[in-house]
Each structure stands twice: as structure tokens, then as C-alpha cells.
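Now, the feature entries from TrEMBL:
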REGION    1-26  region 'Disordered'
COMPBIAS  1-15  compositional bias 'Low complexity'
DOMAIN    32-166  domain 'MATH'
DOMAIN    202-236  domain 'BTB'
REGION    361-392  region 'Disordered'
Amino acid sequence: MTRPSRSSSSPNTNPDLIESPTSSRSVTQTVNGSHQFVIQGYSLAKGIGVGKHIASDNFSVGGYQWTIFVYPDGKNQEDSSSYVSVFIVLASEGTEVRALFELSLVDQSGKGKHKVHSHFDRSLDGGPYTLKYRGSMWGYKRFFRRSLLETSDYLKDDCLKINCTVGVVVSEIHCPRLHSIHVPDSELGSDFGKLLDTLEGSDVKFDIAGEKFQAHKLVLAARSSDLEPKVFKALLHFMYKDSLSGDVEPVTAHSFGLLKLSEIDETLIVKLLAAATKYNLSRLRSLCESHICKAVSISSVSKILALSDRYNATELKSVSLNFAAENLAAVLQTKAYEDVKDDYPNLQSELLKAVAGYDETSSSGGGKSQSVWGQLSDGGETSSRRLRQRTT
């Protein structure tokens with residue numbers, strides 16, 4: 001019996017049906033910040049009592065509040081009464097906060113012989129130190145012997161200076177499937193873009209702030225005489241080539257984290273997003289949103305949420321809200337959130353909805369975000385409370 005011959009190809013091997021491979025990347029790094037605590041009138045602090053401390057002002061690093069405790073008469077009678085004790089304290093709500101620390105006494109003679117205790121730049125057998133709740137601390141009961149300190153170059157004019165550096169460990173998953181925005185494939189052939197390069201058959205000329213641009217009436221839907229030259233040039237590039245211009249600056253979480261919101265507004269990518277919104281260029285809007293999406297991080301997400309709200313960038317807002325929900329405790333502690341929350345009142349309610357959705361789908365349940373949910377519901381007041389100084 002003759003068997004029917006098999007086709008040389010099958011649905012499983014059809015290249016049109018093979019899904020593209022996916023990837024993700026975990027990035028772990030530290031967010032570092034420093035604070036100097038100056039104790040003026042150190043001699044007056046002596047005799048305060050064992051276990052009693054002087055506290056610095058709170059300072060923010062990595063989305064958390066920190067403070068420095070100095071015990072002039074030592075922290076514990078039994079093992080440190082002859083020593084000055086110094087500790088770094090977690091002054092805001094947080095669970096499993098992992099961090100590196102450095103404490104140093106400043107040599108005020110100018111010789112640079114500082115007394116340094118540091119986690120940085122050395123191998124740690126147990127990894128970064130973990131603080132599990134507000135009030136957790138790291139430091140040294142026997143930081144420096146009092147009798148030696150009072151005759152050293154660390155004490156000058158009855159003044160003591162302590163430098164503190166905190167490096168909060170943060171991990172982010174870079175996953176295109178979860179934290180990216182799909183951009184539709186271009187519908188224009190690459191040859192069409194050559195019209196802009198050669199300007200063959202151009203039949204219209206624009207004068208933008210003294211700079212001349214040639215174009216084609218059939219390509220341009222409307223004249224945009226109110227745009228800056230660099231924005232108009234990038235807009236022309238898109239209209240002809242259906243892609244972002246090479247003049248558009250690359251964005252990173254670091255760059256957007258450092259820029260103020262007003263400075264972000266001045267970037268070419270944001271001005272191009274504004275033009276795409278004004279002229280209803282949906283693909284250009286998607287390209288801009290996808291480009292800005294690369295800058296989403298704990299320090300920048302509040303600013304990007306404000307940006308997406310202003311330009312009705314729905315996909316960018318959705319990605320940012322999901323990210324903020326996953327990292328809510330740290331986001332609420334950032335200066336960026338404090339700066340934008342009053343100007344964008346809808347931001348708080350949208351974050352509440354995003355957290356609710358995240359809690360329902362999270363495998364860990366809502367326990368982890370329970371305390372930060374309360375902070376957000378109360379308008380963030382919990383995160384701004386000052387850690388009370390203990391006197392006993």
C-alpha cells in the first residue's frame with residue numbers, strides 16, 4: 001500500500017508561527033547617599049548617661065529615611081561604657097531593607113587620617129546587612145574609646161564630625177513582556193524615507209525660526225509653525241521614515257532620576273511626545289512612550305506618571321502604575337513623589353487602584369503592602385513622621 005507522502009514542512013516548523021524568544025534581566029545595585037552629622041559642644045553631651053543618645057536629622061537614601069545615633073557614654077553599661085557608640089538607624093517603615101553602610105570620624109587636622117568603618121569595597125560573607133523594621137540599627141557599640149577621642153584630631157573646638165554613607169540594595173527585573181510598550185510595526189517602506197534625504201520632488205518650504213526646511217505637500221498633513229526647529233526636524237524624520245530621529249537623546253533610569261520634572265519637559269523626546277499628542281500621530285506617540293518607558297525606576301516613576309497624565313500617555317501610565325504598585329514602599333519615600341503628589345491629585349487614587357490590582361494578583365498576597373497601603377490612604381503622612389529620640 002502506498003502511503004501518502006509527508007509535506008516537507010509542518011505548522012510546527014513554519015517560521016511565521018514561531019514565537020520570538022523572550023528574555024528578562026535582574027539588575028541589583030545600590031542607591032547611595034551620604035550625610036554629615038556635626039556635634040557642636042561635644043563636652044556638654046558627656047554625662048548624658050549610658051544608653052542615651054544624640055540623634056541627627058533624618059536623611060533620605062534609596063526611598064527610606066535614616067538617622068544617626070551617637071551615644072556619648074556608650075550604648076550598654078556592661079560592654080561599652082568606656083566607648084562612644086555610633087549607629088545608623090532605619091527611621092521609616094520598611095521590611096527586609098538590605099543595605100551597605102560606612103561610618104567615619106573626620107580627621108579635622110587636615111591630614112586625612114579619618115577613622116573609617118565600611119562595608120563598601122570589600123567582600124561580605126553574609127552579604128549586605130538586613131534591617132527588618134523601623135528602628136533597626138547597624139553600628140558599633142565600641143566605635144571609639146572616649147579617653148582617646150577627647151585627645152585626638154577628631155575633636156576640634158569641641159566639635160565632632162561624623163560622616164555616614166548608606167547604600168540601599170535595590171533589584172529590578174527588566175522584562176520586556178511586563179515592563180515595555182508594544183509599538184506597531186511600521187507601515188512605510190524604507191525607500192519612502194529616502195524622499196527626505198534626497199528632497200527629490202519637494203514642493204514646499206518651511207521657515208522655522210530662521211532655519212529652512214524643504215518637504216512635500218503630499219507627505220505633510222499640516223504645517224507646524226509653532227514648533228522649535230529641533231522638534232520640527234524630528235517630526236519630519238518621523239513623517240518620512242516612521243521612526244525616531246537619531247537626535248533623540250537616549251534615556252536611562254539614572255538620567256530621569258536626576259532631572260527635575262521641569263527639566264524633563266525640555267528634553268526632545270518629551271517635546272516630540274507633545275507634538276504627537278497635538279497632531280494625533282499615534283505611532284509616534286507609541287514610539288515616544290516606549291522610549292520614555294526605559295527610564296522608569298523608583299526615583300523617576302512619579303515624575304513619569306505626572307508626565308503621562310499631562311499628555312494622556314495611557315500605555316506609559318499603565319506601565320508606570322504597575323511598577324509603582326510593585327515598589328510602593330520605596331516610591332512613597334522619594335522626593336519625586338512628594339514633589340508631584342499635590343499638583344496631580346488623581347495620582348494618589350490611581351496608585352490605590354493599581355495597588356489593589358497588584359495585591360489581588362501577587363503570589364505573596366497583600367501583607368507586604370499593607371503598611372504602605374495605609375500610608376497612601378493617609379496621604380503619605382506616616383512616611384514623614386520624625387523618628388522620636390529615645391532617652392532611656
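Cβ atoms here come from the backbone N, Cα and C positions, even for glycine.
With helix defined as DSSP H, G or I and strand as E or B, the domain 'MATH' (32-166) counts 12 helix, 65 strand, 58 coil. A mean pLDDT of 67 is what the model gives for the domain 'BTB' (202-236).
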